[in-house]
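Per TrEMBL, the features are as follows:
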- 9-139: domain 'EamA' (DOMAIN)
- 158-288: domain 'EamA' (DOMAIN)
- 35-54: transmembrane segment (TRANSMEM)
- 66-88: transmembrane segment (TRANSMEM)
- 94-113: transmembrane segment (TRANSMEM)
- 125-144: transmembrane segment (TRANSMEM)
- 150-171: transmembrane segment (TRANSMEM)
- 183-204: transmembrane segment (TRANSMEM)
- 216-235: transmembrane segment (TRANSMEM)
- 247-266: transmembrane segment (TRANSMEM)
- 272-290: transmembrane segment (TRANSMEM)
Amino acid sequence: MKRSTLGLLLLQAVFVLSWSSGFIGAKLGTQGGGAFNLLFWRFLLVSLCLALFLNRRLLEVTWQQLRHHAVVGFLSQFLYLSCLYVAIQNGLPPGIAAIIAALQPLMTAALSTGMASERSGGWQWVGLVIGFVGVSIVIAGQYGGGGQDVGLVMYLLPLVSALGLTLATLYERRSVQTQDGGLVLPLFIQSLLTLIGFTAAVIYTDTLSIPHDTNVLISIVWLTLFSTFIAYLSLWMLLRMMTATHVATLVYLEPPVTLVWAALMFGDVIHASTYAGIAVVVAGLVLVRLKRPTVACTS
């Protein structure tokens, strides 16, 4: 095997593991620190790290750009992560959360059919329905297999997360903003605005506390370095070496990887219905990709 091929395979493995690690880090940290408190410290650390790489372009940001990043940050970070972390904090297994959130590419494909450049009939809606059936199988099996203690609402929160990320994707596609600030500046603005949101959340819920628990401290560093910086860096490197469609395909590996990872690390039980549900979701994804090769999830 050529060194370049081996390097690409390792980079793809790092990409999948880093993007899957957010679900694992969420369970590791929310049990001892609370969802909003964990997210507050994560985005505080992320914002401080990104601030080290800023330049004078920050002074040139317009109010229009600020509003744009505020909308994207609220939908793709604050809403998305809040719902996922609250669900995981209240007992939803990370692997199940990842499977439900995996409907986001299907939602994006279905809701983007109104765009002239992406119109391709009703296959996206068929794929979305199939995906919902698959997720329903997973939820029904988990709920009927001793998961009643979690509460049905917690199974629905990842759907809200997927919807928020979908709306952020569609808003970004329709936006006329010129992305000439690179990756650091938009990520810093969105992270800083998201930090303000989580500051308000921890104050409102009275859950702000300085983390002392070892798992919480590990989780904060984990989510900052691995789930944020390594995840985005690996994404950026892969997009320079592969097409966006091929990179998007790797995203679909996150749910099964998260499922196995959580089973090994936390002892989460994998029901037979979960495998069946994953197969149905994959069928929906394959159908959409075969009928519409340009489908890709948001970065």
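Note that Cβ sites are derived from N, Cα and C of the backbone, with glycine treated the same way.
No curator has checked TrEMBL annotations; they are predicted automatically.
As the structure is a computational prediction, the values presented were derived from the model and not from experiment.
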Self-check item: Touch test for the transmembrane segment (183-204) and the transmembrane segment (94-113), at least 3 Cβ pairs under 8 Å
Solution: no
Practice problem: Find the average pLDDT over the domain 'EamA' (158-288) in the predicted model and report it. | Solution: 84
